[in-house]
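Trainee: In case it's useful when we look at the structure, here is the feature table from TrEMBL:
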- 352-548: domain 'AAA+ ATPase' (DOMAIN)
- GLY363, THR364, GLY365, LYS366, THR367: ATP binding site (BINDING)
Amino acid sequence: MTQTQLELFTESYIKGTFIQEIFYNEENGYGVYLLKIMETSLSLDEESIIIVGQFLRPHLEDEIYTCYGELRKHPRFGQQYYVHQVKKELPRSEEAIVKYLSSDLFPGIGKKTAKRIVEQLGIDALDRILVNPDILMEIKGISASRAQEIAGYLQEHHALEQAMVFLYHLGLGPALALKIVQIYKHETISVIKNNPYRLVDEVEGIGFRRADELARQQGLVEDSPARFRAAVLYVLHVASQSEGHVYLAKEELLKRVDSLTGEGIFPEEAYQENLQAMILEEKIFVEDENYYLPSLFYAEVGMARRVKDLLDQELDQTFPVAEIYRVIGEIEEEWQVSYADRQREAMITALASPLMILTGGPGTGKTTVIKGICQTYARLHECSIDPKDYDGSEDSFPIRLVAPTGRAAKRMSEATGLPAMTIHRLLGWKRDFFEHDAKNPITGSLLIVDEVSMLDIWLANQLFRAIPKGMQVILVGDQDQLPSVGPGKLLYHLLQVQAIPRVELSEIFRQSEGSSIIRLAHAIKKGEVPDDLLERFPDRRFFTCKRDQALAIVLQTYVSAIKRGYTLFDVQVLAPIYKGPVGVDRINQEIQQAINPADSSKKELSWGEFTFRLGDKVLQLVNHPEHPVYNGDMGMITAIDEKAGPEQPALWVLYDQQLEVPYKRSQLNQIALAYACSVHKGQGSEFAIVIFPILQAYRRMLERNLIYTGITRSKSYLILCGEQESFREGIKQQRGEDRNSRLKDLIEEEW
C-alpha cells in the first residue's frame with residue numbers, strides 16, 4: 001500500500017517541537033503555532049509548518065508533541081495543518097530526560113540527581129515513575145517523601161495531557177475537551193469517572209444526553225441519584241432558555257425527566273426523595289407544586305414585590321389634572337404639535353401614577369407621547385432637562401431613559417433629544433454583578449423604559465430592585481412583538497394586572513397613514529393577511545420565490561441598495577435562523593463576498609469559519625461595559641493588525657461614528673458579521689431598508705409575533721421574499737403565549 005493510500009485509512013500525524021507562538025486564545029484554546037518537523041506520516045519537504053486548532057497551550061522549544069489532523073490550503077496563508085489532537089510526548093533520550101527533570105517544572109532537582117535517575121532507571125524512567133513512584137527510593141539520596149514529591153510533580157504536569165487524551169477517547173472534540181480540562185484541571189478524569197452529570201450544570205455546551213453517554217461509557221448505573229438530579233436541572237434549564245418558562249409544574253417536570261432518562265427507570269419514591277433533597281440543598285425551589293431554578297424563583301417573587309411596592313407608594317408631588325392639561329397646552333403651542341385625546345390621556349395617566357404602562361403598535365405615536373411626558377414633567381417639577389446644566393453627569397439627570405439594547409436607547413435619545421442608555425449601563429454592569437441594587441439604587445425621579453417586551457424576568461427584577469423610593473416608572477412597549485429571549489413574558493403578564501394603570505395607543509397618525517408597511521403590521525396583529533400582500537407599493541414589495549432562489553434575491557437586493565447610495569447601516573437582512581442555506585451565517589458570508597471580497601491589499605483576520613475584513617459591518621454579541629458597547633450594537637471594522645501579538649489589539653470597530661473599540665484576537669468571538677442578523681437581534685432597532693426572507697425552511701420558527709417584529713423594523717422600505725403560503729402559515733402560529741409564569745398571580749396576592 002502506498003503512503004497516499006495509507007493516509008486514506010489512518011489519520012496523519014506530524015511530530016516535532018513548537019518553535020513560535022503566532023496566536024493563542026486562553027479562553028477557548030484556539031492556537032496558531034509554527035512547528036519544527038521531526039517526523040511525519042505525510043510527504044512534506046518543509047522543515048516547519050503552521051499548526052492550527054484547539055489544544056492546551058504548548059511549551060516552546062524543549063518538549064516534543066505529536067499532532068494529529070489534516071493538511072489544508074488557506075487561500076491567503078498557504079499550507080497549514082489543522083489538528084484534531086495534540087499529544088505531548090514524554091522525553092525519550094537521556095539528554096532530554098535530564099534536561100526535563102532538572103527544569104523549573106521540578107523544584108529542587110538538579111542535573112546531578114536527574115542524571116542518577118536516568119542512569120538507574122533508563123530512558124523509560126518517566127513511564128516507570130508514573131506507574132510506581134516508590135521506584136525512585138532505589139536511587140541514592142532520594143527519600144520516600146522526596147520520591148512522592150517528584151512523582152507528584154510528574155503526575156500533575158501530565159494530568160492535563162492525560163485528561164485530554166482520555167476525553168478524546170470518549171469521543172469529545174478538542175474544543176469541548178479543552179473546556180472541560182480548563183474547568184476541572186487534574187481532577188478531570190476523576191470527575192468523569194465518578195459523576196459526569198456535574199458537567200451538565202458546570203460546563204457550557206454539555207447537555208444531559210452527552211453527560212449520560214459519558215456515564216454509560218464509565219459503566220455507571222442508570223438509576224443513580226446524580227443522574228436524576230442532573231436531568232431535573234437540565235429540563236428546567238431548557239424549559240427556561242428555549243421555551244421561556246419561568247417554572248414547570250411537577251407533572252410536566254417529571255414527564256420530561258421520564259422522557260429524558262427512560263420511562264420506569266426511577267420509581268415514585270425516588271422522585272420524591274431526590275426532589276426533596278434538591279429542595280433542601282436549594283438546587284431547586286418549589287411553590288404550589290411548581291418547580292423553579294433558584295435564580296428564576298427569586299426574580300419572579302422579587303419582581304412581584306417591587307411592583308406592589310411601586311403601586312403602594314404615594315407621589316412626592318401631585319398636580320391637579322387641570323394644571324397638567326395647561327402645561328400640555330403650552331407645549332403643544334410651543335412645539336407646534338397637536339396631541340390626540342388618547343395621547344393626552346396617556347400623558348396625564350403617566351404623570352399622575354407611580355407606575356404606568358404605555359403600549360401601541362407602529363405609527364401610533366408612542367415616541368411622541370414619551371417626548372411630551374418628559375417636557376411636561378420638567379415644567380411641572382420645575383427642573384431642567386438640558387444636559388448642559390448637569391455638566392455631562394448622567395447620574396444627576398432627573399429623567400432616566402433606558403432600553404434593553406444600545407440601538408433602542410439611541411433611537412430613544414434621537415426621538416426625545418435627551419440622554420438614553422441601556423439597562424445594563426444604567427445599573428452599572430461589571431461582567432458578574434451590577435453596581436446598583438436595592439442597597440445602592442439608581443438616581444433620578446422619573447424612569448422611562450422602552451421596548452419592555454424584550455425584557456426577561458431576571459433583568460426586569462435587577463432593574464426594579466434598583467429603583468429608589470419615590471421614583472415614577474413608565475413602561476413602554478408593543479405587546480405584539482416577540483417576547484424576550486430569556487424566560488418570562490413580562491409585558492404580557494403586567495398588562496393582565498388590573499391594578500397597573502395603562503393606556504394603549506391604537507390610532508395611526510397622518511404621517512403614518514400612507515405607509516403600507518404599517519397597514520401590513522396592523523393586519524398581522526389581527527392574524528390577517530391582506531389581499532394586497534403581493535402587490536407592489538412605493539415602500540413595500542414581496543418577491544415570490546423558492547428556497548433555492550431566495551439567497552440570490554436577498555443578495556441582489558442588498559447590493560442594489562448599496563449601489564444606490566444607502567449605507568451598510570441603512571440596509572439590514574433579517575432571518576429567523578442562523579444555520580442552513582438561507583440562514584444568517586450563510587447570508588452574511590455571501591454579502592461579504594459580494595460587497596467586501598478578499599483582496600491581497602485588504603487586511604483580514606480569520607476566526608473559526610468566519611473572516612473579518614476591513615470595512616465589514618459587525619454586531620457586538622456580549623455586553624462590554626468597559627468601553628462601553630453592548631449586545632446588539634452595530635459598528636464597522638476600521639483597522640486590522642494582522643501581526644498583533646496575543647495580548648495586543650488586533651482589530652478596531654467604530655460604533656456610532658464616534659466610539660472606536662479595540663479587540664484582541666481572543667475577543668473576536670464577541671463580534672459577528674452583521675449584514676444579516678436574527679429577528680431577535682434586530683428587535684429594538686429600525687432600518688431604512690429591511691430585507692426579510694420567509695420560507696418553508698424556517699417553519700419551526702415562523703410565528704405571528706416574529707413576522708410582525710421583523711417587518712416593523714423597517715422605516716422606509718420593506719422587501720419580503722419567499723413563499724406566500726409560508727407567510728400565511730406563520731401568521732396563524734402564536735406559540736409565544738404559553739410561557740409559564742406566576743407573575744400576575746404573585747402581584748395580585750401581594751396586592
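Residue numbers in this text run from 1 along the chain shown.
Positions of Cβ are set from backbone N, Cα and C atoms, glycine also.
So that I understand the layout, could you describe where these features sit and how close they are to other parts?
Mentor: Remark: LYS366 (ATP binding site) has LEU358, THR359, GLY360, VAL476, ASP478, LEU505 as non-local neighbours, by Cβ distance under 8 Å and separation of at least 6 in sequence.
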Trainee: With an 8 Å cut-off on Cβ-Cβ distance and a minimum sequence separation of at least 6, pull the same-chain contacts of THR364 (ATP binding site), or say none.
Mentor: LEU505, SER506, GLU507, ILE508, PHE509
Trainee: What three-state secondary structure does DSSP assign to GLY363 (ATP binding site)?
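Mentor: Its secondary structure by DSSP: coil.
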Trainee: Give the number of CB atoms, excluding that of GLY365 (ATP binding site) itself, located within 10 Å of its CB.
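Mentor: So the Cβ neighbour count for GLY365 (ATP binding site) comes to 22.
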